[in-house]
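Everything below concerns the one structure shown next.
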């Protein structure tokens with residue numbers, strides 16, 4: 001039986017209509033009362049989503065590759081007709097050169113940026129082909145970090161034929177280095193057959209044009225004439241000449257000659273020159289709490305050639321905006337304008353004062369206004385050999401008896417080291433905000449060191465180091481890394497440290513490319529705190545040989561009270577006061593200035609390479625550290641907004657007011673409509689009920 005449709009009365013239909021109307025009104029009122037941002041918290045509309053790029057979209061193929069040419073090696077390989085002679089241990093010279101080159105690439109191709117240029121091989125030695133043969137130069141690849149087996153095919157395909165265009169091949173290799181400092185290794189069995197220009201002049205010109213460019217040469221079964229020319233090339237370009245007679249000796253000589261150029265740091269921080277008038281110092285800006293302010297400066301040459309380090313000095317000053325209750329720390333480092341040496345007769349000092357009294361000397365109370373300096377550590381390389389000389393100082397509390405006025409930082413330079421040149425330094429300033437939990441902090445912690453730490457080569461991980469504090473490579477506690485260092489380099493690592501922990505490091509010298517070249521060098525390892533203060537005695541190994549070991553450690557576990565308490569630690573112990581990244585710095589210096597006959601060429605041309613193993617160890621467990629409370633100046637008035645920000649704020653306020661007015665009007669209109677509907681509904685119901693009553 002089919003169900004009949006239910007019949008509704010007019011009253012029921014009217015009630016249903018009223019219910020729907022009320023629901024619509026409530027929905028409109030609810031939406032009108034919610035701000036647009038709350039209605040769509042993401043701020044992204046459907047159309048926005050459809051036109052946005054996917055976050056997983058692949059990067060553009062046009063993205064610039066990372067620059068890896070710095071410190072690279074370009075290998076220039078002879079493939080001329082004379083390389084077909086069979087006198088290289090039962091092989092032709094070319095076959096031996098192929099084996100040696102592939103062996104070298106397999107061993108070191110992933111550790112240094114490496115490129116390859118060959119000459120000869122496609123044009124024969126006929127006199128009429130000389131012009132074409134002297135252009136027979138092939139760039140297999142510019143320098144790249146991991147060549148893999150990409151060189152194997154081109155090397156295997158080489159044929160021994162043609163001329164020997166050494167000069168133009170060297171130019172091609174230098175072009176591939178792109179103006180970066182690097183090394184060219186030339187392997188040849190004879191003289192240049194495409195001169196002029198004379199190949200020695202080409203080498204000299206390239207060496208002078210390049211940024212620390214060196215050309216090393218290898219004579220492969222050469223006669224006296226060729227040996228003389230190849231030696232001339234090396235001498236003109238700051239390099240070394242080597243001999244080889246078979247595949248094994250050639251592979252060893254290529255490895256030795258490819259000892260890369262030092263990877264040097266170039267400071268990119270802002271340069272702010274100080275004032276020579278301490279009473280009118282250069283003003284520095286105020287920086288955010290918890291951050292360091294780092295800048296560069298060029299200190300002028302001292303008078304009289306720096307002959308007397310006590311009286312012949314140059315000083316520059318900067319003013320620092322401060323607030324009562326704060327303390328400040330400054331460290332100054334000589335930046336690396338060239339390979340690391342150990343400068344002789346260099347004095348560096350920093351101190352804090354109020355700028356009222358100029359310095360008259362560098363020692364014994366002659367510094368002038370330094371009354372705000374609680375302690376300082378100067379550098380004097382005439383007494384202590386240091387590849388990275390530095391100076392530091394820290395203040396009393398601002399507003400205390402010794403530090404009531406303005407705060408002025410002064411940096412001094414004296415001594416005969418490069419006394420006729422500008423002296424480039426990098427200065428770090430650190431603000432120490434007041435500590436609210438000083439009574440809870442532990443003081444007098446004893447060293448956690450128990451016995452000596454050793455670097456174990458087994459299981460060492462290869463790692464690329466940083467070359468300054470801003471790009472330091474991070475190490476884990478207990479990690480041992482393996483890398484190679486060139487004379488003149490500084491390697492910088494960092495290890496995160498907490499209050500109560502102590503850092504130790506051990507180093508072991510590995511294989512050395514040229515032991516004689518290291519006779520004036522020292523392998524150094526030092527530990528510095530987060531603001532670059534020396535946190536312990538450094539280890540110094542003179543004339544390092546394979547297997548030599550050394551270790552260094554922070555003098556004490558990190559504790560704020562080491563420096564800022566009544567029982568503060570002495571000497572290096574008080575530098576272990578700040579949590580954060582502690583640094584391990586390794587240098588293989590290029591010898592002391594006096595040992596090298598004061599020759600800058602000796603400093604820059606050294607190219608001995610040494611492998612080393614480094615182990616880091618964090619001792620102790622973290623404990624409660626300081627809680628800093630930055631000083632707020634309650635008397636400061638709010639800073640006015642700049643014009644653009646004020647205009648944007650006014651527009652936002654106007655938009656908000658207009659939106660509010662529109663919203664209010666909508667609410668009133670909807671409310672009035674609802675009231676009218678309600679009155680109409682009541683009247684209609686009354687009318688219908690009255691009709692039914694009749």
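Each residue, glycine too, has its Cβ placed from N, Cα and C.
TrEMBL lists region 'Disordered' at one of the ranges 3-35, 36-68, namely 36-68. Checking TrEMBL for region 'Disordered' across the ranges 582-620, 621-659 points to 621-659. Between the listed ranges 320-352, 353-385, 386-418, 419-451, TrEMBL ties the annotation region 'Disordered' to 353-385. Checking the ranges 546-569, 666-689 against TrEMBL, the transmembrane segment annotation falls on 666-689.
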